[in-house]
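Taken straight from TrEMBL:
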{"type": "DOMAIN", "residues": "1-122", "note": "domain 'NADH:quinone oxidoreductase/Mrp antiporter transmembrane'"}
{"type": "TRANSMEM", "residues": "5-25", "note": "transmembrane segment"}
{"type": "TRANSMEM", "residues": "31-54", "note": "transmembrane segment"}
{"type": "TRANSMEM", "residues": "74-93", "note": "transmembrane segment"}
{"type": "TRANSMEM", "residues": "99-128", "note": "transmembrane segment"}
{"type": "TRANSMEM", "residues": "149-171", "note": "transmembrane segment"}
Amino acid sequence: DLKCLVAYSSVGHMSLVMLGCLSNISMGVKGALFIMVGHGLCSSGMFSLVNVFYNHSGYRNLYMNKGFLMKSPVLCLVGFLLCSSNMAAPPSLNLFGEVLMFVCSYLISFCFLVLLMVMTIISAVYSLHLYTTTCHGKSSEAKVSLETVSYSAVFVLLVHWIPLNFIFLFIP
């Protein structure tokens, strides 16, 4: 299920927030704040992307939503941008938050750092799997009508992605 995959990635981000808030270190709290804002923008964008896939295929199943790259390259490009931001790729706000969380977890305990690395990798794998499965591969037999992907759907996705990646310009 596409929504479950996005939700599992959200659980990973929120566990980072818990670590930052409970660390009682100012760097951890700042990192948690960055991750919360970044997660709010990124997750809502990813859920919007999943909704666009659902509206055009009629299925929420991950394996029934394949091959969208051939049908709508613009949608897959914006989907890739959102998935890469969810994986904390530069210059997303999630990257700033995760770097602060890595330093904070190292200050607490090396064991927390190792656990944080594993959680980050698993969360990135979820996002990468979502993108590669939906956009690549042979198109499924599902009814897919992506010839009519509206510009408003792409605009909504970009409205999530642009602040997520350029808000760092306003961080003092």
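Please read every residue number as a count from 1 along the shown chain.
Cβ atoms here come from the backbone N, Cα and C positions, even for glycine.
Sorting each residue of the domain 'NADH:quinone oxidoreductase/Mrp antiporter transmembrane' (1-122) by its DSSP state yields 104 helix, 0 strand, 18 coil. Here the transmembrane segment (5-25) has long-range neighbours at 31-33, 35-36, 39, 43, 46-47, 50, 62, 86, 94, 97-98, 100-101, 104-105, 107-108, 112, 116, 119-120, 122-123, 126-127, 129-130, meaning same-chain residues at least 6 beyond its ends whose C-beta is under 8 angstroms from one of its own.
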